[in-house]
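J.: The structure that follows is given in the form of structure tokens.
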Amino acid sequence: MGTHVIKMPDIGEGIAEVELVEWHVQVGDSVNEDQVLAEVMTDKATVEIPSPVAGRILALGGQPGQVMAVGGELIRLEVEGAGNLAESPAAATPAAPVAATPEKPKEAPVAAPKAAAEAPRALRDSEAPRQRRQPGERPLASPAVRQRARDLGIELQFVQGSGPAGRVLHEDLDAYLTQDGSVARSGGAAQGYAERHDEQAVPVIGLRRKIAQKMQDAKRRIPHFSYVEEIDVTDLEALRAHLNQKWGGQRGKLTLLPFLVRAMVVALRDFPQLNARYDDEAEVVTRYGAVHVGIATQSDNGLMVPVLRHAESRDLWGNASEVARLAEAARSGKAQRQELSGSTITLSSLGVLGGIVSTPVINHPEVAIVGVNRIVERPMVVGGNIVVRKMMNLSSSFDHRVVDGMDAAAFIQAVRGLLEHPATLFLE
């Protein structure tokens, strides 16, 4: 038997370090060739690291949330044959491996499967039902168990694991549900008014850490100013309904988003200073002819901004189809690195949750972001009469270092004019 060291691979584009997001294995596991060992993140792209060989895990080289250098030791395996690490008294024992979690002493083999199945209930009978792990300690569980826990609304932090090294099994979830139900029944109506003293320490790692760093950097570096304008989209919504009725079956249903993209594309012809990126270190503003619109998209892991490239070159349905593809790729974690960078202006919409006013954060190094609020029906005065109209606010933010307030207001007024008179969206 020999020792095989797997190093953090170079995943391209000159990346010098990555963040370890999640282990898919633990010390003592046997792994096959090409089996996924871990997930790492660079910028906003998550990459799975497979094992190049089969073997048994001897040591893990880091904890989730840790930043690791490319070429650094990721994992050690015991393999058949000589391995790639020369055996010596010093090398026989890894110098400073980091286990996935603090290892418990291994227990003797269980005598019968029935005893293993009953272990979770025995543990829960002897311990407090809401006892949790130490802050920062990640519960061990398979992806299937984690997914089931999410579906059931269970925090794994509070589930006692009966597997090796405290690993949470499906039986532990069953036991937790059974015990949780009995507590709720015994508590009666007053249970909802009981004092709570539990707390949970959630490490800010992976995509959430990247979002935090990017938002902090943008707010620290960019002097934001926001501008809010209301828009009458009654005629636009009538046009959208007509197009969907006539062409929706053949070309797909249109949402409001491709109309907004089209309005921005047309308006930016007269305001190229807003379709730009500002290098504040070189003090250079680069204006772009191509309109690459970042589409702020919420995923299960956090905010992603896939890029609709060359929005000026597509019609409504072309942009709608590409936006749908990018949004699905972002939500499923399959977006490519190049699809998440290179935008020249960003469009942010919270849909029906859009509220009345928002103050979106600029996607640095861009100089503008257009925020879309929800559509509401309101009484408006038109031609001296009070009528019901569909109204929507645009809440936009700009970099005041390179964008003057008058230019920002004029740009939004141009977008407003296009949306309130939708036929002008298609005049060249």
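Note: Cβ is positioned from N, Cα and C throughout, glycine not excepted.
The feature domain 'Lipoyl-binding' is assigned by Swiss-Prot to 3-78, with sequence analysis given as support. Annotated N6-lipoyllysine per Swiss-Prot: K44, in sequence order, evidence recorded as sequence analysis. Annotated compositional bias 'Low complexity' per Swiss-Prot: 89-120, in sequence order. Positions annotated as compositional bias 'Basic and acidic residues' by Swiss-Prot: 121-136. Annotation source Swiss-Prot lists active site at H400, D404.
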J.: Using a 10 Å radius around its CB, how many other CB atoms surround H400 (active site)?
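T.: I get 14 for this one.
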J.: Looking only at Cβ atoms, how many others are within 10 Å of the one on D404 (active site)?
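T.: Excluding its own Cβ, the number within 10 Å is 12.
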J.: Tell me the residue counts in helix, strand and coil for the domain 'Lipoyl-binding' (3-78), as DSSP assigns them.
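T.: DSSP classes over the domain 'Lipoyl-binding' (3-78) add up to 0 helix, 43 strand, 33 coil.
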J.: Per-residue pLDDT averaged over the domain 'Lipoyl-binding' (3-78) comes to what?
T.: 88
